[in-house]
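Chemist: According to TrEMBL:
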- Pro81, Val82, Ala83, Arg84, Gly85, Leu86, Gly87, Ser88, Ser89, Ser90, Thr91: ATP binding site (BINDING)
- 58-133: domain 'GHMP kinase N-terminal' (DOMAIN)
- 201-274: domain 'GHMP kinase C-terminal' (DOMAIN)
Amino acid sequence: MIRISVPATSANLGIGYDTLGMAVSLYSHFTFERAEKLTITGCPEEFQNEDNLVYVSLVDALAEWGEKPFGVAIDIQTDVPVARGLGSSSTCVVAGIMAAAALTGHTVTREELVAMATRVEGHPDNVAPAILGAAVCSFTPEGQLPRCLRYDVSSRLRFLTIIPPYEVHTADARKVVPQQVALSTAVWQMGRIAGLTRGLETGDTALIAAANDDRIQEPYRRALIPDYDAIRETCLEGGAATMWISGSGSTLMAVTDDTIVAKFLQVRLQERFPQCATHILTCDTEGAQIEYL
Ligand SMILES: Nc1ncnc2c1ncn2[C@@H]1O[C@H](COP(=O)(O)OP(=O)(O)OP(=O)(O)O)[C@@H](O)[C@H]1O
Ligand SMILES: N[C@@H](CCO)C(=O)O
């Protein structure tokens with residue numbers, strides 16, 4: 001039996017649409033064992049079938065190596081909520097591919113994993129940090145495999161994660177983002193992406209706040225999250241440096257370098273928004289892990 005653990009991820013980090021992402025200290029754990037037939041436990045019933053993204057990714061990887069599908073017992077224990085902007089789909093894709101390799105005796109490097117997982121997921125900004133840990137800026141040169149730049153994130157930073165009870169599906173959230181931007185908007189974003197990554201590395205919350213002012217997706221997606229304005233106001237007046245939409249939402253993520261502020265804010269958010277789950281997270285530095293049991 002094998003166990004694979006994959007961290008949740010916050011894609012975009014506000015300013016870096018489809019480009020930046022960061023692994024955080026919230027995890028999905030998957031076990032896999034060869035079996036007579038496919039069984040899937042531990043996840044909602046709607047996912048307990050052959051269309052399960054973990055199994056689809058496993059079969060896809062087997063096909064790439066010319067291997068036939070086989071029976072497998074999959075158990076999923078996850079703290080990563082579905083369709084909330086914390087990369088639940090990426091945890092499934094990464095685990096499925098790693099399991100395919102482990103159960104058939106293949107070896108895959110982290111770089112190969114990023115390439116395979118990006119093909120299934122469609123964009124690298126969740127899968128790359130889920131595999132590599134830390135914050136990652138990724139891009140895919142024409143006709144080549146994705147290139148990933150990994151940035152260490154200051155251990156002083158705390159990411160206050162507010163998870164509303166409603167889902168926002170990535171496919172729907174992508175429809176509201178305009179397909180074209182003005183040159184001035186492209187210029188606006190570019191410098192801030194460099195500022196945000198430097199701020200995360202050095203733990204400079206003033207720089208992170210200055211850089212976190214997205215004009216590509218957040219102005220359009222905030223309308224999909226009814227609590228956006230009220231939660232943002234609570235976070236900023238309570239001392240957070242800044243806040244962004246995590247991935248395609250509905251989760252919101254506030255940043256502070258003060259553990260006491262993080263705790264005070266968590267309590268205030270729980271009082272004002274009892275319908276939301278809250279976590280104080282740090283950056284995960286290790287990425288996906290595998291154990292043979
Ligand atoms: N435990 C699970 N078992 C099977 N499939 C899952 C599981 N968790 C998530 N998924 C799949 O991932 C989909 C959600 O992916 P989606 O991209 O909409 O959101 P997300 O990955 O949680 O957030 P984001 O991509 O914005 O960070 C679900 O509809 C389902 O297909
Ligand atoms: N970059 C993606 C992340 C969500 O999967 C988006 O914002 O649509």
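Glycine residues also receive a Cβ, built from the backbone N, Cα and C atoms like all the rest.
A TrEMBL annotation is a machine prediction, not a hand-curated record.
Since this is a predicted model, take the numbers as computed values, not measurements.
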Chemist: Consider only the binding-site residues Pro81, Gly85, Thr91: which of them have a Cβ under 6 Å from an atom of ligand 1? Write none if no residue does.
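Modeler: Cβ under 6 Å from ligand 1: Gly85.
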Chemist: Other than Pro81, Val82, Ala83, Arg84, Gly85, Leu86, Gly87, Ser88, Ser89, Ser90, Thr91 themselves, what residues in this chain have Cβ atoms within 8 Å of the centroid of the ATP site's Cβ atoms?
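Modeler: Once Pro81, Val82, Ala83, Arg84, Gly85, Leu86, Gly87, Ser88, Ser89, Ser90, Thr91 are set aside, the remaining close residues are Ala8, Val80, Gly247.
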Chemist: Across all protein chains in the structure, which of the binding-site residues Ser89, Thr91 has the highest Cβ count within 10 Å?
Modeler: Thr91
